[in-house]
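According to TrEMBL:
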- 3-1134: domain 'RecF/RecN/SMC N-terminal' (DOMAIN)
- Pro32, Asn33, Gly34, Cys35, Gly36, Lys37, Ser38, Asn39: ATP binding site (BINDING)
- 264-283: region 'Disordered' (REGION)
- 381-465: coiled coil (COILED)
- 646-743: coiled coil (COILED)
- 748-767: region 'Disordered' (REGION)
- 770-902: coiled coil (COILED)
- 965-992: coiled coil (COILED)
Amino acid sequence: MRLKHIKLVGFKSFVDPTKVPFPHQMTCVVGPNGCGKSNVIDAVRWVLGESSAKNLRGDAMTDVIFNGSNARKPVSQASVELVFDNTSGRIQGEYANYAEISVKRLVTRDGRSDYFLNGSKCRRRDITDLFLGTGLGPRSYAIIEQGMISRLIESKPQELRVFLEEAAGISKYKERRRETENRMQHTRDNLDRLNDVRDELGSQLDKLQRQAAAARRYKDLKAQERKYKAELQALRWLAQEQQAESIRAKIREQETELERWLAEQRGSERGTTELREQAEESKQKLDAVQQQYYQLGNDVTRTEHQLQTQRQQLQQREQRRAQLQAELSQLQQTLADDQLQREELEATVIELQPQHEAAEQTVAAASERFEQDESAWLKWQDDYQQHLDALQRRREQQQQLQLQQQRLEHQQQRLSDELTRAKTAIDELQREQQQLDSSDLQTQIAKLTEHAELQQQRVLQAQSQQQQLHAELEQLFVERDEQKSTQQQLLGRQSSLEHLLKAAQAQDWPAAVQQWLQQHNIKPLGQVRDLLQADTDWQLAVEQVIAPWLDAWVVEKLPAQWPQQLGARLITLSTRNVAATSLASKVTGPLARWALLQGITCVDNADSATPNDAWITAQGQWLHRGGFQVANFTAADSQLAQQQELADVLASQQQAEQRLATIEQQRQQLQQQLEEVQHQHSQTQDNLREVQAQLASRQEKLKWQQQQAQALGLKQQQLSEQCEQWQQEQETLALTQQEVEQQLLQLSEQQPTGDDDSWQAKRSELQLARQQSRDALTTAQQQLQQLTMQLQQAQTQLQHHQTLISRVAQQQQQLHEQLQQLNEPDVEGQEQLELLAMQLEELLQTREQVDEERRTWANTLSEQEAKIREISQGAQGVHGQVEKVRAQLQSSQMELAALQERTRNVLAVLQEMNQPLKPVLEQLPETADEKAWQTELERLQNAIQRLGAINLAAIEEAETLAERKQYLDQQNDDLSAALETLETAIRKIDKETRHRFRTTYDAVNSGLQELFPKVFGGGSAYLELTDDDLLETGVSIMARPPGKKNSTIHLLSGGEKALTALSLVFAIFRLNPAPFCLLDEVDAPLDDANVGRFCRLVEEMSASVQFIYISHNKVAMEMASHLAGVTMQEAGVSRLVAVDIDEAVALTEAS
């Protein structure tokens, strides 16, 4: 997987769309300070999900949007897109088959931030999950910015652990563990709520079962009540039907009388109807005439308005004709003035043209003279410059020869000094070689190596013991969790059994009963349920017999009299021997002498029973004098079984508590052993590090001596060869000095030709002639320019007046045409005016005729309406009689309707009771009486009322609640199993996390110990855990460069810290190389030698990791396969340019 390119739009200083390609494994971004190079690193961190504006060098997330410059306005949004090459399939999951993956982030001014994956909108978490385990992230070890080197080295142990977790790929396991813990907490919460609900349902179920029994009794009484109610309604229906028949006969008589009066009323109404029709016809004619009258009025008004408008148009025509005559007179005067001015301008143009031609000839002659003088002046300048150049060349040759002579003398002296120093150094090197002796160091190294191997074996042995003790502790923790889980289940079962038994037990005796027993010296031995102990196989049979007596109290003797109002039950024990076949033989304790049990024989089945004897089987089949009875509960539901189970649960709880105590004791012992082994391991590690430090120091010293001896020999050889070379250079310099002295002698003998005064005299003569010709030319050009301007001005004015004359002539022609049109008489307008006057006169006459017809029809309508009123007054008497008979009929009908309504109510009641009338009448006894039935109904209602409040839904609710409780019990089991599964998953994740972290830690530590001496040329560095718990331990780093014994890493210099941090990062990269590594001026604190080491290390790792780094160092630039230059030619705006190495160095030096 490799980063192909970055696309930036509006991000910080990259306001224009910019594409930064990364075609090779090593790309160096160069440019002067402040040009925006680090913004490329910020862009990558931002796209990968950075949510802190501070880490992006801002105060708010919108600070990444370009905020404008002196020449540009701010933009509204910023976006960055990373394009990855995934041909290697490094990205797993659903994007593994994509050869190219695009990750984009966009932010707007309103604070909205969106992420896109291959062009599809996604969440920030999707981006984070995509790169989990690859080493990439907003704050991963793959991105090292300015200042991060010191923060990495000086970070807290927990912060340093994060880098190792990312390298180990633990981040996805931590995410899974966090999600699993959340699910476990939710499961525990659900389990607690479920247990609360189950307890509540248990109490509700007991209450509902009692309510269900009352509801069944209520249903029986209600059935009888419905029967009597139906029969009572049937009796009422019979009585109402008889009364309704008599009312119907009365209604028929009233209807006959009403029909007679209505016939008389209809005769009067027919006469009135004919008159009303005639009046309606007159009214319609009157309306039509009035409509015609109003329309004529509107026509008169419209014609008067048209007549007035026509008169106004004729008046306006006369006014326009007078106005045109005035404008025409004014135009004629203007045309005469313009023609006079045109004639004057034509004369002026004719006068100026000869003067202008003469001035042009004068300018041409002056220009030719000036060109001749100018050419002579330029030729003199060229000749004089050649003369000066020859003089300058001779002076420069002489100076160069003198400088060369001085340089040769200085080199001769330097070579003499170097030869003297070299001979002295050779003598010194020979003495140093004689002093170097490594035999003692080799003996010490052999002893320290043997000691280090012994300490290493002890460390491995201690680690083995630690792992064994950790495994034993882990096993104890698992067993402890199992015991606690078992104990919780036992506590839940205990609570359930106690609740069931408590609900089944009766209340304590009232104080009156206790007082009465005490007064009669009767002391109870206990309740039957507490004293009874039966064989397991016969518990169901025993409880079947004594179920009503479980709450009874056992006494030595029964009292002679027992007050009925006390309500308690007592039993006494028999003195007879217990028969071997009786049910009492299955009981132990004092209740074995209970006569109730002694009179029942135990049999295997009904076939083996003796006739005429009371017997019972172990399955609860019981034959007694009252009949045959079978147990309606199972052995598991019996109170005796529940009491036995409660005792077993209490015993199991005691065993679990004892086992937990034993486990805790074993854990403390193992913990103590582990602490002792850890202490020994720590001491052994300290001893091993001390021995390794001594061994490394001796080996470093031996290596230094060997290198020093080799270097001394090489240096001696180099000095000898250098001496021979310097002697040859001395001979060469002597010959060169002789040649230089000869050349200086020759130059001193040569003299320059020509006199400078003659050159200056010629110069003055040419300058004077050139100035005179230039002045003459300037004067002629000014005169010509003045005449040209006068001529152009006169021609422009002449053209302007000609245009004015043409325009005025056109206007004059237009006015003549308009005036001619207005002078013609408007015959059509006069005719229209006369026509409108005639139309108005005709409309006025027609309106007068229509008004006369309107008055005639209004009088006719008034006469017809008067006749209608006269006939209506005669019909009022008949109408009164009709209304009287109708009121009587309506009263009878209302009485019948009321009776029918009561009958319908009776039928509705029967229908509501689902009791059809016909079957009720058929089953109704002949002697049935409404009063007797009402009395019986009241008795039933009183019985129902004495039952009190009844929950009719209790039966169904009890069944539903029982099913729900069974379902919740199953859910409880499922949740408990799920919780166990999640706990197993947590343990598995922890185990995998410990293994991965330990493996990664060891590998990175080994890589650091290997890279650090390679980077520093010696010394040592290592990682150390701050705690034994691999899930929570931090990681600290210690480094000692060659020759130093610092106590902490904070004592190192900035360059040493930088190299140490790079060693750690590259050790992580060796283990889990991220797709690419971004370095932002990490070589800044390094000197040239360390920069070289850094470059070699980066070049070595670039075979497997893509490097993108920012640098100002020429060595680092030369190492890169591709250079990307960033400039800010426009203030505040960064741009990308292609550069070579020389341009890159110039860019950095310019900063």
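Each Cβ is built from the backbone N, Cα and C atoms, and glycine gets one as well.
TrEMBL entries are annotated by machine, without manual review.
Note that the coordinates shown come from a computational prediction; the quantities given were computed from them, not determined experimentally.
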Secondary structure content of the region 'Disordered' (264-283), with strand meaning DSSP E or B:
20 helix, 0 strand, 0 coil
Residues of the same chain, at least six outside the region 'Disordered' (264-283), with any C-beta under 8 angstroms of its C-beta?
857, 860-861, 864-865, 867-868, 871-872, 874-875, 878-879, 882
Is it possible to get the count of other C-beta atoms within 10 angstroms of the C-beta of Gly34 (ATP binding site)?
11
Please list, in sequence order, the residues in the chain of Gly36 (ATP binding site) that are at least six apart in sequence and whose C-beta is under 8 Å away from its C-beta.
Lys12, Ser13, Phe14, Val1126, Met1128, Ser1134
Please report the number of other Cβ atoms within 10 Å of the Cβ of Ser38 (ATP binding site).
19
Would you mind pulling the DSSP three-state label for Asn39 (ATP binding site)?
helix
ATP site, defined by Pro32, Asn33, Gly34, Cys35, Gly36, Lys37, Ser38, Asn39: further same-chain residues with Cβ within 8 Å of the Cβ centre:
Ser13, Gly31, Val1126, Met1128, Ser1134
Restricting to the coiled coil (965-992), what is the model's mean pLDDT?
81
Those residues of the chain, 6+ apart, with a Cβ under 8 Å from that of Asn39 (ATP binding site):
Leu8, Phe11, Lys12, Ser13, Phe14, Ser1134
All-chain count of other Cβ atoms within 10 Å of Lys37 (ATP binding site):
22
Other than its own, how many Cβ atoms are within 10 Å of the Cβ belonging to Asn33 (ATP binding site)?
11
Counting across all protein chains present, how many other Cβ atoms fall within 10 Å of the Cβ of Cys35 (ATP binding site)?
22
Would you count the other CB atoms within 10 A of the CB of Pro32 (ATP binding site), including those on all shown protein chains?
17
